[in-house]
Amino acid sequence: MKVASVLIPLPVPEAFDYEAPEGMTLARGDQVAVPLGPRLIRGVVSEVFETTGSNRRLKSVDSRLDDPALPAGVMDFVEWAGRWTLSPPGEMAATALKGLRAPSPRPERKVRRVGDRQPARATPARTGVLEALGERAMAGADLARSAGVSSGVIKGLIDEGVLEIVEIAAEAAFDRPDPDHAPATLNGDQAAAAAALVDGVTGGGFRPFLLDGVTGSGKTEAYLEAIARVLRADPAAQILILLPEIALTQALIERITARFGAAPAEWHSGVAPPRRRQVWEAVVAGRCNIVVGARSALFLPFVNLRLIVVDEEHDSSFKQEEGLVYHGRDLAVARARIEKAAVVLASATPSLETLWNAQAGRYDWLKLGARHGVAVMPDIELLDLRQHTPDPQTWLSQPLRLAVAETLARGEQTLLFLNRRGYAPVVLCRVCGHRLTAPDTDSWLVEHRYTGRLVCHLTGFSMARPKQCPSCGAEDSLVSVGPGVERVEEEVRQLFPEARTAVFSSDTVPDAKSARALIQRMTDGEIDILVATQAAAKGHNFPRLTLVGVVDADLGLRGGDLRAAERTYQLLAQATGRAGRADRPGRAILQTWTPEHPVLQALAAGDRDAFVEAEMAEREAAALPPFGRLAAIIVSSENAAAVEKVAADLAQAIPNAERLEVYGPADAPLALVRGRRRKRLLVRADRDVNLQAFLRAWLTRVKIPASVRLTVDVDPYSFL
Ligand SMILES: [Zn+2]
């Protein structure tokens, strides 16, 4: 008997076996309908094998679907990713099918002649229609317009059988990129990096690269040249470029279109579902060469993937924490290895993991030193707030105010950076000291003045600002503590009423379109002072921007998570890298209460190596990533007793292992989220320990009731 193992989109650890009926040809990657309980569901065949004398009674595969089979590389990838992240492989496969599950674009309806049939009565209007149409098929409205008649004339001809309506399936055309359309002129470094990339990417086989260069050094030019060479070597090659933020895609798409004379396909949550389906179908048919997308584009069914670029590879947005938990950068490297393709990790501030791989020679390390053109790195000054303390209820020190005024007077732009949304991060009662929190979550409510609401940034819960303290009932006792971007903008407006100001945060620019509009206004010089969160610190190029003020450089250094210092360094390097990109020198001022902190010292000295060395030494001493490995297990439920029970059972069931420790169970730092109690266990292992095998062995020992959710996060980034 023939058996097909089928991956189905359910939280089960393995494929389900079905009998392959006589006469049905099945192969790995085929899409099938299989019975599950009373209904049929879609699955993907992972394996077909012969078995003899099995006494198991297997159900039969119902039918093979005529949808495209998933290519071998995608199958290998989803199975590997499932094992690596301890996620159900069927759910990984379902992710790869998402584009196909989107609704089809509506077919286009057009009219055309039926043979050479003539109208019974030839009026001038009817003759005009037939002449305008000729041999073509046209949309009815277009035809009426070009013949200068009403739609009734066309309808009459259809009724008479002279014209007919045809439906044409909307198949998106993706123009072939032309590698020689508009080559860039590269400087020495860029040309050398591009040449090295080219040798690697066209040499065949898996090759990882770190493309390391300060903001503005021309990383994009270098990898676009590498893409050009890939396309010259193989016009059918497919290339995937991953970006951390949708807001960055438009600028890159325009550059690619200008460079290759053809727009790439776009893949992220902002793309309409019918369009996503077209991209999916074009990718699996090999009709689409370049895709620019978010991390989920890694699951697209490429058939000839030759190169993956992960731009801004250090960005923590590549880590997906809801649903399937995975890191887009790590999975990109895995997909490239499976496809025997090249992968380029590009950044001005590479992650410690990537630098560690580059230092050890596992990744080819390409450095772009000088900034492109004449621009130089900005001067970075640490401004000691102990000596220049702002007035009460204000956040900008005197020297920073002066610098903004000077910049305004020169007609140049200022970016004030504060990575905090809203008006005030905390609202408290001055009578009883109560801090307002969300009712079902342990996080403070953030005041938003634009919307007049108090918002939980974790769950999105919001409420109107109450008149009375919910704890002691005192009237008008609530005060806003600390600044968010809205509050800094309020101060700026009072100080510089003539200046044109704007706020850039996920509240003021909720989608890619509004982000694009604001970025354009900034680029066009229509904004003098932009107050922004990290959303504006990434990848944008504002030629008139010459001053960056970091309102609170200490933010992010506080708090105990593993990557706090690294993230702060990256963010500040990116934010200050915004200044002075064109021909004007830039200046960056960092307000801090702790100018002696090594991260800030390294930043002020422009000394990335010093920062990396200090941070690596600390991680190595504690055997933390990249020198060791971590995994978090979060147990959560609305039933607090069930959480306690499962956490205790897990603690009892820890397998013996060497060079590995388990911490916890402990209350997660946010012990209550959306009404669910949360407990956390943290595993630290040496790098040579098979962490996934340990976790699998451990988790099979404990029975998890249906009321409890267990989330495994391999290599956690968020320690909430
Ligand atoms: Zn109170």
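Using N, Cα and C of the backbone, Cβ positions are placed for all residues, glycine too.
Now, the feature entries from TrEMBL:
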type	residues	note
BINDING	Cys429, Cys432, Cys469, Cys472	Zn(2+) 1 binding site
BINDING	Cys456	Zn(2+) 2 binding site
DOMAIN	200-368	domain 'Helicase ATP-binding'
DOMAIN	464-622	domain 'Helicase C-terminal'
REGION	101-122	region 'Disordered'
Counting across all protein chains present, how many other Cβ atoms fall within 10 Å of the Cβ of Cys432 (Zn(2+) 1 binding site)?
12
Can you count helix, strand and coil residues in the region 'Disordered' (101-122) using DSSP?
1 helix, 6 strand, 15 coil
Between Cys429 (Zn(2+) 1 binding site) and Cys456 (Zn(2+) 2 binding site), the C-alpha gap once rounded to whole angstrom:
18
The one of Cys429, Cys456, Cys469, Cys472 whose CB sees the fewest other CB atoms within 10 Å, among these binding-site residues:
Cys472
Cys432 (Zn(2+) 1 binding site) to Cys456 (Zn(2+) 2 binding site): how many Å between their Cα atoms?
22
Suppose you look only at the domain 'Helicase ATP-binding' (200-368); what would the mean pLDDT be?
92
Which residues, same chain and not among Cys429, Cys432, Cys469, Cys472, have a CB within 8 angstroms of the centroid of the CB atoms at the recorded Zn(2+) 1 site?
Arg430, Val431, Gly433, His434, Pro470, Ser471, Gly473, Ala474, Ser477
